[in-house]
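K.L.:
Before anything else, here's the structure in question.
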Amino acid sequence: MDRVRQQTERLSRLFRDAGAVPVETSVLQPADTLLDLYGEDIRARAYVTSDPVLGEQMLRPDFTVPVVQRHMEEGAEPARYTYQGLVFRKQEAGTGRASEYTQVGYEVFDRTDPSGADAEVFALFAQALEGVTLDAFTGDIGILTAAVAGLSTTERRRSALLRHLWRPMRFRALLERFSVPASRVVPQLVSDLPEIGLRSSGEVEARLAALREDAQTAPLDATELRALQAILEVSDVAPNALASLRKIADGLPAISGALDQLEARLSALASRGVDVDQLNFSGAYGRTTMEYYDGFVFGFHADAQVPVATGGRYDALTRVLGQGREIPAVGGVIRPELLEALA
Amino acid sequence: MIKLGIPSKGRLMEDTFAWFSARGVTLARTGSDREYAAEVSGVDGVSLVLLSAGEIPREMAAGRIHLGVTGTDMVREKIPLWSEKITSLAEMGFGHADLIIAVPNFWSDVETVGDLDAVAAAFRKDHGFRLRIATKYHRLVREYLQKQGVADYQLVDSQGATEGTVANLTAEAIADITSTGATLEANHLRMLSDGPILASQATLFASKVADWSDCDLASLAQVLGLENPDIGECC
């Protein structure tokens, strides 16, 4: 236990030396905020408790949300924060995973140089984990988002797909439905049925109109669809992955901007001494496990186990929590217990 | 002595009595109608415990009773990792009920759970909060919706008269047990076309964690005409 504490202290000192201000957050977090952000699924992962005055509360499942909230309320820019403490996650029985463990985190809020901030966080983590045999994996949710946003179809279909980017099953079901001519016969509103509940007949009419319009929409372009699929299949060392993605961009030029960012990030990483020629990049990385990340994502893994460290960019989260304000943000956490077990 | 837990009242109790009776085991309440005591004849070494149907899964999972009659839905909702603690011995062929999701009948734009998901997105945008689904089967419904990839909904607790919540403006949709669908119809609701979340019926379950020493499950299984289950062998 002492060794874990030392490890925690070492990481925290490293992050403070890198310019981060230490912050603390409450263990009890209002459940509303987390539920609105993650949906009901979070109930299966976080411990829920209730307080007669504060209402439903959750034992913090991560630090990111309270740290972002705090920054949006009172932070000056640019800002770097570090924190250390326990997080709580329900685990499925039999997995043997810890339901209570330490995270030491580092978060950067900076709007001037996103690629530089991405590289700063990754390089700092690589330095913190030096001496332990770990495989680093990277990805970029921003490329996938740009690909979907660039599909030549209706805004409605694009936003339906974007909404389910993190739910691969529903995403695939939508893609399949949008890939063939619409076959659905759209019904009329039946006027003699009693209108009950908060959702009005006007809302039903509006969706029926949307369904009618959608039934007239042409199937997704086959070339674009192949390009989207190809992005998810890219898995190689970073320079090769970038080259493959550039080729894919011929069929889906909308991702070019996101690829320029990837390229800028790779050179920022190289200039910080990261060996990008050996760095794994995969197009689907971070898609199922890290819901709020929307750009650069990374993880340091030992074997196939739970990653020792994870992180990424979460610009959209700051928009949701910022009530009209937003700031580009990137950060990550290291789990000292896992790290110590490997050392 | 095998402790057999059965529902303490109503149709479910009567049907359970009839099921055992058809197999030569007579279960009967003793004393006044209001006294929760009962006796067993036709087989030795079994004692009867009358319980609320909803408590039977918990009692089996805790090993306080050996056998229990309750619905599949109750076991799955109330006992996490139920199959590690409880096993099914026989489906009893009554108490059929489906756990379903229902929406207002006039929602002609909603047929499937995929439609419900699309409506939830629009609803949240229009009303500023997540679409509410009233239920008492939180675990089963949440697991189902998660597997189906539905977002932007919330479960609100409703322990009874769930079909009324939509008209009362406390939910937009419901997830509840239905057998004939008559109550849904009377409340202007209609179930989604994807099929039920769970098809439940009354089932004779056995606890895997109860102490089976001094219990003769083999004899009881033989009398009931059941395959000899591989629990309680030690005796």
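Heads up, residue numbers simply count up from 1 along the chain you see.
Every residue, even glycine, has its Cβ placed from backbone N, Cα and C.
According to TrEMBL, the protein carries these features:
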DOMAIN    A:3-232  domain 'Class II Histidinyl-tRNA synthetase (HisRS)-like catalytic core'
BINDING   A:Asp62, A:Phe63, A:Thr64, A:Arg89, A:Gln103, A:Glu107, A:Tyr292, A:Tyr293  L-histidine binding site
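I'd like these features described in context: how deep, what's nearby, how far apart.
P.N.:
Other Cβ atoms within 10 Å of the Cβ of A:Tyr293 (L-histidine binding site) number 28 in total over all chains.
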K.L.:
To what whole number does the mean pLDDT across the domain 'Class II Histidinyl-tRNA synthetase (HisRS)-like catalytic core' (A:3-232) round?
P.N.:
92
K.L.:
I need the least crowded one of these binding-site residues (A:Asp62, A:Glu107), counting other C-beta atoms within 10 angstroms of each C-beta.
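P.N.:
Ranked by other Cβ atoms within 10 Å, the binding-site residues A:Asp62, A:Glu107 bottom out at A:Asp62.
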K.L.:
Please report the DSSP secondary structure of A:Thr64 (L-histidine binding site), reduced to three states.
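P.N.:
For A:Thr64 (L-histidine binding site) - judged by DSSP and reduced to three states - the answer is helix.
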K.L.:
Max CA to CA distance in Å over the L-histidine-binding set A:Asp62, A:Phe63, A:Thr64, A:Arg89, A:Gln103, A:Glu107, A:Tyr292, A:Tyr293?
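P.N.:
Result: 21 Å between the two most distant Cα atoms.
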